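J.: Marked as Mg(2+) binding site by Swiss-Prot: ASP12, GLU193. The active site feature in Swiss-Prot is assigned to ASP12. Under the heading substrate binding site, Swiss-Prot lists 13-17, LYS25, HIS29, 57-59, TRP61, ARG63, ARG174, 180-182, citing sequence analysis as support. For ASN60, the entry in Swiss-Prot reads active site, proton acceptor.
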Amino acid sequence: MTTIKHLAIIMDGNARWADQHNLTKSEGHKAGADKIRELLPEFINLNIPYITLYTFSSENWQRSSSEVNFLIKLLSLYLKNELDSLHENGVKIKVIGRLNLLRSSLQKQINNAIELTQNNNKIKLCIAFSYGSRQEIVDACTKIIANGKKQVSENDIQHALYDPEMPDVDLLIRSGGVYRISNFLLWQAAYAELYFSQKYWPDFNKDDIHEAINDYSKRKRTFGKR
């Protein structure tokens, strides 16, 4: 099986899954969070060292206040309920995005999770929350300018991103039958292979992950070369 160093996933379709099952959007998002718990051991078994999950975009702030508040609460509950298990399983946690927009108590909770797991090396789980890739690049450039740089290189931008250690994305999976990348890791996914699934995220299972990876393994990556 072809080695994947960085798998990124746009976990789309929670609300439509809920509609399909006559459930509330909140129940759909809860099912989506439960799916992360279910699939994480498989990511570890597959020896994929870096996983990035798109959980809440910068554009999602425009949704109803009730949905936004629930998604924020869901992140807090996930960290509260899963942190010990993640730590015991050697998972290193990173959260990227404009986290300054979150309440201070959640920022503290995120920082505590990052600090607790900082020396773990089994797998790095990066949660993209309040995240937009254009915003990340703007923030990186602003940081570079503030440091007095006049000539900017790709290396400068890479080191000013939310996670400078993040490797380029090898495979980007999007569930939910939508064919776009929605302002997600535009810099890091410049040469990523894209895989789109019709399944809604709560219906995803390890066989779907294997199917995506198998499809990826059949592709020839040229990176612009012949």
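Each Cβ is built from the backbone N, Cα and C atoms, and glycine gets one as well.
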J.: C-alpha of the residue listed as 'active site, proton acceptor' to C-alpha of ALA15 (substrate binding site): distance in Å?
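T.: On Cα coordinates alone, these residues lie 13 Å apart.
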J.: Take the Cβ of TRP61 (substrate binding site) and count every other Cβ within 10 Å, whichever protein chain it belongs to.
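T.: Its Cβ has 14 other Cβ atoms within 10 Å.
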J.: Which one is it: of the recorded positions SER58, ASN60, which Cβ has the fewest other Cβ atoms within 10 Å in this structure?
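T.: Ranked by other Cβ atoms within 10 Å, the recorded positions SER58, ASN60 bottom out at ASN60.
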J.: Nearest to ASP12 (Mg(2+) binding site) by Cα, among SER58, TRP61, ILE181 (binding-site residues)?
T.: ILE181
J.: Per residue, counting other C-beta atoms within 10 angstroms of the C-beta, which of the binding-site residues ASP12, GLU193 reaches the highest number?
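T.: Max Cβ neighbours within 10 Å, all protein chains included: ASP12.
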J.: What are the non-local neighbours of ILE181 (substrate binding site), defined as same-chain residues 6+ apart in sequence with CB under 8 A from its CB?
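T.: Listed in sequence order: ILE10, LEU172, ARG174, ALA189, LEU194.
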